[in-house]
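Here you go, one structure.
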């Protein structure tokens, strides 16, 4: 861990246009942006709202990637769309499937950069963990992603594209003319992959607008959870402009320990963070905030820590997710023992808070919480990485 690592950033987000003078990528445009783009391309204003709705449904409900297949649009209008627009997703480089069914995707985005996306199937639901940045600036000492330097923000298209690619892989797009199937393989989405979502607020917000739209991908805001290490100035804005569920990467009950585990705490300490959370359930219409707490042997797992945690979150509708530390090569910590984790959970439960212990998933493919890191960073430098680092 670098003690003086930067905790703010001024990073690049690639422009939405495809290679110089090329068509505009529709993926990731909000409805308002799509409507404006259609008008700019020559769609009569009186028709633009209807046309935007039709294109939206083809792309996000049916999963169509070819304008020629949008058969309720006139042929000349399909030609206009093909001239000015494209439907472009990131590229799946590799897919690994864990013994427990977890799927990890290495996804290549513009510039040759790579991020990881994880799908976790469970009985009755499936959760997709998406990334919001290439690398991370926060250098949390227990997190593998934190050892990879920040390269850039993902665009809204690259965030939405992760969900669309996984739906491709799972065969989840509906079949036209077939009976409607209400079963959702991807029923929940968590912004808990690589990066700090609130350091990429605008793109994350716009991506979630697309994901939550009822005529397309249609994931309810109650089934979307954004995890932040505590970017305090953006928390109220998250409630008002996104309104999804909120999870806090908390992990310590004193500033002394949290400064080491989550260095952003040096800027916004525990008291400041907790004060910013008290209005979130009301502003976002969410029931409670989730506090994520990774269990590190001899670091943050004492009975005194559990009692302090309960006292700190008093008055905030909460649940505490206890996360057994998922080790990675060179990690400076060890997982707390099962007995210690159970005792910690018992103190929290007796104080009146839900305290589920997360079952590690995908450990055999390095897909568990805190283990994500681009494969090119883990292993040799590939041509894609070299190109990325030189700005190509």
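The backbone N, Cα and C atoms fix where each Cβ goes, glycine too.
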Based on Swiss-Prot, name the residue from 218, 227, 314, 336 that is recorded for the same S-adenosyl-L-methionine site as 195, 196, 249, 250, 251, 326.
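So the S-adenosyl-L-methionine site in Swiss-Prot includes 195, 196, 249, 250, 251, 326 plus, from the candidates 218, 227, 314, 336, 227.
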Please list, in sequence order, the residues in the chain of residue 129 (disulfide bond) that are at least six apart in sequence and whose C-beta is under 8 Å away from its C-beta.
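Looking at Cβ-Cβ distances below 8 Å from residue 129 (disulfide bond), excluding near sequence neighbours, one finds 117, 118, 119, 120, 190, 192, 193.
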Within the domain 'Radical SAM core' (122-364), what mean pLDDT does the predicted structure show?
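Averaged over the domain 'Radical SAM core' (122-364), per-residue pLDDT gives 92.
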Test of understanding: give the count of other CB atoms lying within 10 angstroms of the CB of residue 250 (S-adenosyl-L-methionine binding site).
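The Cβ of residue 250 (S-adenosyl-L-methionine binding site) has 28 Cβ neighbours within 10 Å.
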Rounded to the nearest Å, what's the C-alpha distance separating residue 251 (S-adenosyl-L-methionine binding site) and residue 143 ([4Fe-4S] cluster binding site)? Just drop the number here, would you?
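For residue 251 (S-adenosyl-L-methionine binding site) versus residue 143 ([4Fe-4S] cluster binding site), the Cα atoms are 12 Å apart.
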Taking each of 116, 140, 143 in turn, which of these recorded positions have a Cα lying within 10 angstroms of the Cα of residue 196 (S-adenosyl-L-methionine binding site)?
none
